[in-house]
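Chemist: Could you have a look at this structure, given as structure tokens, before my questions?
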Amino acid sequence: MPELPEVETSRRGIEPHLVGATILHAVVRNGRLRWPVSEEIYRLSDQPVLSVQRRAKYLLLELPEGWIIIHLGMSGSLRILPEELPPEKHDHVDLVMSNGKVLRYTDPRRFGAWLWTKELEGHNVLTHLGPEPLSDDFNGEYLHQKCAKKKTAIKPWLMDNKLVVGVGNIYASESLFAAGIHPDRLASSLSLAECELLARVIKAVLLRSIEQGGTTLKDFLQSDGKPGYFAQELQVYGRKGEPCRVCGTPIVATKHAQRATFYCRQCQK
């Protein structure tokens, strides 16, 4: 599933082609996504794009009459293409732009979303979200406070959007490795110093992935069709049985809440 770096990479890739241009119309080939594509999107016509923003894993396209909310789901990606390029099997939604380009949404598993709202504030998919991990609001003191009474393992807690948004399976595993923290540790057992370190490395790992265009394991593509190259720098995720790049110990894979977790039993305590 695309996580924060992949969504932010998509935002940065499509923004220059959308802001200042006008959506002439939308083409919805298959509206049966995780939720049905909102009827308002079918009727889009002559709507200038004012901004392209991101909140958590949602892309937010600001138009004069409202907002398009896009979630990439498990396998979605957005590409900027020439209008004349014919669609392929899993190309479900196009926004045809006034500059001769098209924003094309591809999603083999159809678990993403294209929603419409007049107002962002109070929309059900955006409520109850924690702070952005790259913001000043997410820091060691905040993390320590939220972990203090949490009797659950730190790995699934990091993936809870109420704690912090956008840190999914890949980046939780990678960040815990970078901080030297075992994923099975109780959140409440982390000291303030450990939380400060963990908050710092989460930011560093996410920023590095954004620099590399995110992580492509299967379906994700950047807006120009290129894969995300952070996959080449993964330290533990997807490396079960391979030697740790630091100590040589074989990487271990377990499951938390049906999600794969990768770690080094020597480097993470």
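Residue positions begin at 1 at the first shown residue.
Cβ atoms here come from the backbone N, Cα and C positions, even for glycine.
Feature table excerpt (Swiss-Prot):
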type: ACT_SITE; residues: Pro2; note: active site, schiff-base intermediate with DNA
type: ACT_SITE; residues: Glu3; note: active site, proton donor
type: ACT_SITE; residues: Lys57; note: active site, proton donor
type: BINDING; residues: His90, Arg109, Lys150; note: DNA binding site
type: ZN_FING; residues: 235-269; note: zinc finger
type: ACT_SITE; residues: Arg259; note: active site, proton donor
Chemist: Say you check the Cα of Arg109 (DNA binding site) against those of the active-site residues Pro2, Glu3, Arg259; which is nearest?
Modeler: Pro2
Chemist: Could you break down the residues of the zinc finger (235-269) into DSSP helix, strand and coil, giving a count for each?
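Modeler: Summed by class, the stretch gives 0 helix, 12 strand, 23 coil.
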Chemist: If you measure from the CA of Lys57 (active site, proton donor) out to 10 Å, which recorded positions from the list Pro2, Glu3, His90, Lys150, Arg259 are inside that radius?
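Modeler: Close recorded positions: Pro2, Glu3.
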Chemist: Fewest other C-beta atoms within 10 angstroms of its own C-beta: which of the recorded positions Lys57, His90, Arg259 fits that?
Modeler: Arg259
Chemist: Provide the number of Cβ atoms within 10 Å of the Cβ of Lys150 (DNA binding site), excluding the reference atom itself.
Modeler: 16
Chemist: Would you mind reading off the Cα separation of His90 (DNA binding site) from Pro2 (active site, schiff-base intermediate with DNA), to the nearest angstrom?
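Modeler: Between the Cα atoms of His90 (DNA binding site) and Pro2 (active site, schiff-base intermediate with DNA), the distance comes to 17 Å.
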Chemist: If you count the C-beta atoms lying within 10 Å of each candidate's C-beta, which of the active-site residues Pro2, Glu3 ends up with the smallest number?
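Modeler: Fewest other Cβ atoms within 10 Å, among the active-site residues Pro2, Glu3, is found for Glu3.
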Chemist: Report, in whole Å, the straight Cα-to-Cα distance of Glu3 (active site, proton donor) from Arg259 (active site, proton donor).
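Modeler: Between the alpha carbons of Arg259 (active site, proton donor) and Glu3 (active site, proton donor) there are 14 Å.
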Chemist: Between the residue listed as 'active site, schiff-base intermediate with DNA' and Lys150 (DNA binding site), what is the CA-CA distance rounded to a whole number of Å?
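Modeler: Distance between the two Cα atoms comes out at 27 Å.
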Chemist: Whole-number Å only: compute the distance from the Cα of Glu3 (active site, proton donor) to the Cα of Lys150 (DNA binding site).
Modeler: 24
Chemist: Please give the greatest C-alpha separation between any two of the DNA-binding residues His90, Arg109, Lys150, in angstrom, as a whole number.
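Modeler: Answer in Å: the longest Cα-Cα distance is 41.
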Chemist: Applying a 10 Å Cβ distance cut-off over all chains shown, what neighbour count does Arg109 (DNA binding site) have?
Modeler: 14
